[in-house]
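Some notes on the structure that comes next.
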Amino acid sequence: MTDTRNGEDNGKLLYCSFCGKSQHEVRKLIAGPSVFICDECVDLCNDIIREEVQEAQAESSAHKLPSPKEISGILDQYVIGQERAKKVLAVAVYNHYKRLNQRDKKNDDVELGKSNILLIGPTGSGKTLLAETLARLLNVPFTIADATTLTEAGYVGEDVENIIQKLLQKCDYDVEKAQMGIVYIDEIDKISRKSDNPSITRDVSGEGVQQALLKLIEGTVASVPPQGGRKHPQQEFLQVDTRNILFICGGAFSGLEKVIQNRSTRGGIGFNAEVRSKEEGKKVGESLREVEPDDLVKFGLIPEFVGRLPVLATLDELDEAALIQILTEPKNALTKQYAKLFEMEGVDLEFRTDALKSVARRALERKTGARGLRSILEGVLLDTMYEIPSQSDVSKVVIDESVIDGTSKPLLIYENSEPPAKAAPDA
């Protein structure tokens, strides 16, 4: 084959044999035996092949479901700790998609029910990351919804059916794909009703939303306007069956540990009562492991809603050692991400052990868990990331504890020179 650019073959104007455009209308025209193809048609063919390969891979991965151990092993690469939660999620997700793979088989007199999941754990403990990693592993559409923005139909705010619309957007409005997806509803504890007793007043963002979510989570046919349009009577809707969508709800449930402790430590009063010291109190994570459906009802979730979330997984608070692991070990660890950014500038980035410990301590003080690690590192590295692109002679940047504490600046090591003395502490 020859590449015919903007020259003519024997004074004759050449055309693409596929789209009919002349050589002057395209960037390149490739010549074959008695045929020509332009660069635009080549790009189009590549796109078609790429789409077909992706669809074939998606179909094969749907039939090749990883085992619970394999699922947990992949979660280990991204999420530190939380072994119990990983095991619960791996089994629940495996059973859910095994059920979907079997649903078309005839002469099966046993109908398997759907097991939606409730994740309970402190802020920054990895609830959202677990759900995201599961969806990526299984190659299914995934969306995150914030329960605090949801209201009952007819009130200002997001309708619960908007959740399904977001899921459709993730898969280009392919209804079949959406019906195999995963929905993560965050901050689910924020829609708890304010007291144990049903209120006579309308609670449009609490109990009312729980009622609206019931059918969606259990399984219904949701009517969603196509391509994200607004609803109006003359419009045709996309019908999405939610029976096979896996719903994972997550929340911090602050104060739930007190409900559990009150139930488990209920005792008598008087001289014969058992005396308990404050030191005997359990950690939040240990208390949450003992949660029962009645505790969630007392917290403010309605019994019907609790019943729709039969699989319960609790996550522990992250300690200093776990936060240091999160900074360094996962595939997407923050220190690896920042090292990659510096590497693009031809600079090595080194975090000393005392610096990592200091970052972890600051995150614990802020009570933000792993979520606060990035903001701490961003603040520490901001000035360095601003200056480095303008300095071509820097070969290495070293971060130690004093840099994290703000008492000194990062150590810059220059090419072909002795390492300079550390910068004096800021006045």
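Here the Cβ of each residue, glycine as well, is placed from N, Cα and C on the backbone.
Listed features, source Swiss-Prot:
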BINDING   CYS16, CYS19, CYS38, CYS41  Zn(2+) binding site
BINDING   PRO122, THR123, GLY124, SER125, GLY126, LYS127, THR128, LEU129  ATP binding site
DOMAIN    4-57  domain 'ClpX-type ZB'
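Sequence features, as recorded in Swiss-Prot, placed on the structure.
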residue : record              : Cβ neighbours (10 Å)
CYS16   : Zn(2+) binding site : 21
CYS19   : Zn(2+) binding site : 13
CYS38   : Zn(2+) binding site : 25
CYS41   : Zn(2+) binding site : 18
PRO122  : ATP binding site    : 21
GLY124  : ATP binding site    : 23
SER125  : ATP binding site    : 27
GLY126  : ATP binding site    : 29
LYS127  : ATP binding site    : 26
THR128  : ATP binding site    : 16
Would you mind listing, in sequence order, the residues at least six apart from LEU129 (ATP binding site) in the same chain with a Cβ closer than 8 Å to its Cβ?
TYR78, VAL79
Limited to the domain 'ClpX-type ZB' (4-57), I'd like the whole-number average of pLDDT.
82
In whole Å, how far does the CA atom of GLY126 (ATP binding site) lie from that of CYS41 (Zn(2+) binding site)?
45
List only the single closest residue to GLY124 (ATP binding site), chosen from the binding-site residues CYS19, CYS38, CYS41 by CA-CA distance.
CYS41
Taking only the Cα atoms, work out how far PRO122 (ATP binding site) lies from CYS19 (Zn(2+) binding site), in Å, as a whole number.
58
Do any residues at least six apart in sequence from THR123 (ATP binding site), in the same chain, have a Cβ closer than 8 Å to its Cβ, and if so which, in order?
ALA252, LYS367, THR368, GLY369, ARG371
Considering only the binding-site residues SER125, LYS127, THR128, which residue has the minimal Cα-Cα separation from CYS41 (Zn(2+) binding site)?
THR128
For CYS38 (Zn(2+) binding site), the one of SER125, LYS127, THR128 that lies nearest, given that the binding-site residues are compared by Cα:
THR128
Where CYS41 (Zn(2+) binding site) falls in three-state DSSP terms:
helix
In the same chain, outside PRO122, THR123, GLY124, SER125, GLY126, LYS127, THR128, LEU129, whose C-beta lies within 8 angstroms of the Cβ mean position for the ATP site?
GLY121, GLY250, LEU315, GLY369, ALA370, ARG371
